[in-house]
Amino acid sequence: MSELTQLAQQEKKQTYNFNKLQKRLRRNVGNAIADFGMIEDGDKVMVCLSGGKDSYTLLDILLNLQQSAPIKFDIVAVNLDQKQPGFPEHVLPEYLESIGVDYKIVQENTYGIVKEKIPEGKTTCSLCSRLRRGILYRTATELGATKIALGHHRDDMLATLFLNMFYGGKIKSMPPKLISDDGKQIVIRPLAYCKEKDIEKYAIAKEFPIIPCNLCGSQPNLQRQVVKEMLNTWDRQYPGRLETMFSAMQNITLSHMCDPKLFDFKGIKHGQLIDGIEGDTAFDEERITPMQFEDEDQTDFSNKEMINFKEVN
């Protein structure tokens, strides 16, 4: 076999693998949008673009779905320039103009505020997050955006669940859709069903101009990084565990938790049968059927159906 033929076959295989990856991401995003009612007809979606792999992928997939969705919605990309030293201000405008999407660059010196308020070596995430949230909410109002799309994915949601359990004493994660405290903004996370490793592969293949974050990426031993490494270890040692855990987040039996605010334990009386509540049978050893997980390299995309988002080419 000639070298030219080998190169052609290799390129064909790479194209095939990329197409499978892209379709998997589009399907996962489409299903999340449909399952949680994230985007409706006439919406203006403000995609928050940080310059990282997640938000680039989010914008790219939403733009693709926009072309084939059965509903009409607008997209505007927004980047918050936090005035970090050395931040390449030209990168995002050049990229956004090259793909022809409406965008707005918001310039606020949150970097200076965080550095002034937080002692050296301490975690800046909490203050930085609050500052960014307020600015993005204000910007959404100014732009007339009806939805704010963030780039958090499945692995972020799982990490947040464990962070809250380990350090906050709560069973709480990132919701795929939420409303702000004042009821004026709806935040959505269309990548909720997407694996981080899929997003990483996609970002590399698309050659997105990634911009590192000096505020959080340079801080060692963050609690989130510790939890993330724990999840990555589980994923390597026990394939399918993360999928099972994420499935558990969608299958909660409140009567077998311990929160009296969510379930009326005091109201349980003798002779009472309540539909939908598992009693002592839930203590029986359950017959666990192994979950069927999608083989990333053997996925059949001949059926390109997506819930509410049909036929993406």
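Residue numbers in this text run from 1 along the chain shown.
Glycine residues also receive a Cβ, built from the backbone N, Cα and C atoms like all the rest.
Swiss-Prot lists 50-55 with the feature motif 'PP-loop motif', giving sequence analysis as the kind of evidence. Here Swiss-Prot flags CYS125, CYS128, CYS216 as [4Fe-4S] cluster binding site.
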Across all protein chains shown, the one of the binding-site residues CYS125, CYS128 with the most other Cβ atoms within 10 Å of its Cβ is CYS128
Can you give me the average pLDDT across the motif 'PP-loop motif' (50-55), rounded to a whole number? 96
